[in-house]
Amino acid sequence: MMVAWWSLFLYGLQVAAPALAATPADWRSQSIYFLLTDRFARTDGSTTATCNTADQKYCGGTWQGIIDKLDYIQGMGFTAIWITPVTAQLPQTTAYGDAYHGYWQQDIYSLNENYGTADDLKALSSALHERGMYLMVDVVANHMGYDGAGSSVDYSVFKPFSSQDYFHPFCFIQNYEDQTQVEDCWLGDNTVSLPDLDTTKDVVKNEWYDWVGSLVSNYSIDGLRIDTVKHVQKDFWPGYNKAAGVYCIGEVLDVDPAYTCPYQNVMDGVLNYPIYYPLLNAFKSTSGSMDDLYNMINTVKSDCPDSTLLGTFVENHDNPRFASYTNDIALAKNVAAFIILNDGIPIIYAGQEQHYAGGNDPANREATWLSGYPTDSELYKLIASANAIRNYAISKDTGFVTYKNWPIYKDDTTIAMRKGTDGSQIVTILSNKGASGDSYTLSLSGAGYTAGQQLTEVIGCTTVTVGSDGNVPVPMAGGLPRVLYPTEKLAGSKICSSS
């Protein structure tokens, strides 16, 4: 059986991973596969079990199911997974369906039995650690979940926050420009309300700090993704991050870096929403503009406390799938390459590698098992190749993850960027011409390579030679991304059979 070069490389690199740690510095070099536990894999291994996203019901995904599919995840070069919240949820089937997603918790000291047992969750952590991989768990400190109107909540159902005294007085957020409302009023509506915990109270604050430390310890968790961060006052978060004792990355759902970046002063990292829309808009059509993306790369790099600790993404369970905008596979390849080779920690959402095309929630929460988990799909292979060169560059260049990505070229349809110290840099050229894009040679300056140096394009496994003027003649065709790395540095790596 023929085995792809990237599979051999990734296996060799990851089984040799060093002892696990969970500091922000360690997380810089990770690559995250994000999944909804209920929608990724079932214990019975079924690839045909029905999962109608419109029903918004539990579909049967489990922690054991994830364990059984770690080869599939690791085969793409991912070094970590992020799973949705593990706490016990409201038990009812509401008018909006079940709490299969995990964001309507009612008992923070019990686990969601739909996903499995405490032993199953511990087994998942152990299985990841045996592979040199990390476990990131989603957590919610802002709110609980209630099946009913905000004005008639039975607070006794919440554990341990079993009285109204623990919560902000009921009011729904009316004005998102008013930060006081954003923090003190409630999310949800009168069908499913999300009672808002008053995290300014010491009793609430201390409960959360004790809880998060215990959660991390009990299940050997390596990192946390924190939901609805902007809905909690900033001075709550440093203590929470410290109590967790691991890298914390927060969801601050706002596109303005002037609003989002300061949250990095109160926790380790945030999801890179400022770059999300420029990235999406650059590649969701063949008429997208590279200008906003080029400018936002530089803005985030200069304005955020540390862009190398942000999470880069273009898909998640809250936003429409990239393929819901366009079915052009070349555009999807470019956006995936950007995610993996930009500054920060790459995040690919389960199903993205199979070109899933669900629109707004709940359509974007498809069951991954219905794809059959093919490892020969075009995006699976592209993601594996991009992760492979990133992982390899990190292993060879201690400064790679802290070297800030530098856009070196743009035109109406192209952006090029370099990352890594001189002599070991990756240069990525991205196009939005799409699959019908013409063939041409781009003369690229500013890449930092030397005249006559041979480079390997690691997606297509071809080579190019740097011109006498230092420019790189990059052959472009079919709107595909190009990723360059010095050929001599690949010796022994198995990447492109070491060229």
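Backbone N, Cα and C atoms are what each Cβ position is placed from, and that goes for glycine too.
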Joining Asn142, Asp196, His231 at the Ca(2+) 1 site recorded in Swiss-Prot, out of Glu130, Glu177, Glu183, is Glu183
For the substrate site that Swiss-Prot gives as Gln56, Trp104, His143, Arg225, Lys230, His231, Arg365, the extra residue out of Asp318, Asp411, Asp412 is Asp318
The residue that Swiss-Prot pairs with Cys261 in a disulfide, chosen from Cys185, Cys304, is Cys304
Smallest number of other CB atoms within 10 Å: among the disulfide-bonded residues Cys171, Cys261, that is Cys171
Ordered by sequence, the long-range same-chain Cβ contacts of Glu251 (active site, proton donor) under 8 Å (at least 6 apart) are Arg225, Ile226, Asp227, Thr228, Val229, Val270, Leu271
One residue among the disulfide-bonded residues Cys185, Cys496 has the fewest other C-beta atoms within 10 A of its C-beta, namely Cys185
Out of the disulfide-bonded residues Cys51, Cys59, Cys304, Cys461, the residue with the smallest number of other Cβ atoms within 10 Å is Cys461
In all the protein chains shown, the tally of other Cβ atoms within 10 Å of the Cβ of Asn218 (N-linked glycosylation site) is 12
